[in-house]
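*Asks:* Supplied in structure tokens, the structure appears directly below.
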Amino acid sequence: MGNRSAADADGLLAGRGPGTGGGAGSPGAAAALVGGVLLIGAVLAGNALVCVSVAAERALQTPTNYFIVSLAAADLLLALLVLPLFVYSEVQGGVWQFSPGLCDALMAMDVMLCTASIFNLCAISADRFVAVAVPLSYNRQSGGGRQLLLIGATWLLSAAVAAPVLCGLNDARGRDPAVCRLEDRDYVVYSSVCSFFLPCPVMLLLYWATFRGLRRWEAARRTKLHGRRPRRPSGPGPPPPEAVETPEAPEAIPTPDATLAEPALPASEERRAKITGRERKAMRVLPVVVGAFLVCWTPFFVVHITGALCPACAVPPRLVSAVTWLGYVNSALNPLIYTVFNAEFRAVFRKALRLCC
């Protein structure tokens, strides 16, 4: 990997360079300060509530929600370690007023936490695909070990992607100390591909295969249910007692906590069926989480890699700043998504708010 300086580019990563704002005391600086404080507060409150809810409520302790807690942890670290310095830089008009070493640490944390978010979403898609493709094998090995292993791998890989920044890669000749950004164009391309452009298609393909498998299983199950229903006699007279139909139990989607159940579950399987229902609810929210992530982060990575691949292209600093803000807003969206689309999260959130207020 080369070490070509990007000093002639305006803020390849987060727009933290001169010209991104109006300077301290300007209306733009005031808006950045108010927006930044609100964003940090929303990210901290929402994601802390997600972690506490899963830890305190047994109904939320499902394999999918283990990954959601890991995702919330990445957002919490972003709000604690990255956003305060980013907001301060925006308030100062994009001028970096701290040491280059702190800038490198900020860039590394920024890359690692964004990468951890997308890798966690990829890990969820891989876990769901295995649960649907080979459910019997998955159930024999269930118990949280696989999920914890995947979560550990996502964080190790994320740290590996970000590590070069802390190993001197960002120390380019002619570096402007008033600008905090990634200085090596080759690394910008490498990190963009590893953090976004490579994992996103893999994740979407796995989700497509997972939900396609679920639809096939549901269709086969409905066919089996229909075939087992007793037929009514063709002649007159009331049907015999055994032919009287009873309301059918709600259908369950196969998940890691239950094998592919038969249409009629015996009493001993009731608890397993309930866990299946919980996991189904957890899976329902995932496409919305993935969609929100792609909407918020795709513009950032497109602008990010364009500035690296096309040095002659003038990427306006304000555009870089705007897409960076949009990406960070995603960290506050996930708790809102869980509240809207998951009744169990909603109930626990209400309970927690009643205790606090």
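For all residues, glycine too, the Cβ spot is worked out from N, Cα and C.
According to Swiss-Prot, the record shows the following:
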TOPO_DOM  1-32  topological domain 'Extracellular'
TOPO_DOM  56-65  topological domain 'Cytoplasmic'
BINDING   Asp75, Ser117  Na(+) binding site
TOPO_DOM  89-104  topological domain 'Extracellular'
DISULFID  Cys103-Cys180  disulfide bond
TOPO_DOM  127-146  topological domain 'Cytoplasmic'
TOPO_DOM  171-186  topological domain 'Extracellular'
TOPO_DOM  209-284  topological domain 'Cytoplasmic'
COMPBIAS  233-242  compositional bias 'Pro residues'
TOPO_DOM  308-316  topological domain 'Extracellular'
DISULFID  Cys310-Cys313  disulfide bond
TOPO_DOM  340-357  topological domain 'Cytoplasmic'
LIPID     Cys357  S-palmitoyl cysteine
*Asks:* Output, ordered by sequence, the same-chain residues six or more apart from Cys313 (disulfide bond) with a CB under 8 Å from its CB, or 'none'.
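*Replies:* Spatial neighbours, sequence-distant, of Cys313 (disulfide bond): Thr306, Gly307.
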*Asks:* Considering the disulfide-bonded residues Cys103, Cys180, Cys310, which residue's Cβ sits among the greatest number of other Cβ atoms within 10 Å?
*Replies:* Cys180
*Asks:* Using C-alpha atoms, which one of the recorded positions Cys103, Ser117, Cys180 comes nearest to Cys310 (disulfide bond)?
*Replies:* Cys180
*Asks:* Once near-sequence residues are set aside, which residues in the chain of Ser117 (Na(+) binding site), 6 or more away, have Cβ atoms under 8 Å from its Cβ?
*Replies:* Leu71, Ala74, Asp75, Phe293, Asn330
*Asks:* If you average pLDDT over the topological domain 'Cytoplasmic' (209-284), what do you get?
*Replies:* 56
*Asks:* Relative to the Cβ position of Asp75 (Na(+) binding site), how many further Cβ atoms are located within 10 Å?
*Replies:* 27
*Asks:* Where does Cys310 (disulfide bond) sit in DSSP terms: helix, strand, or coil?
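*Replies:* DSSP assigns Cys310 (disulfide bond) to coil.
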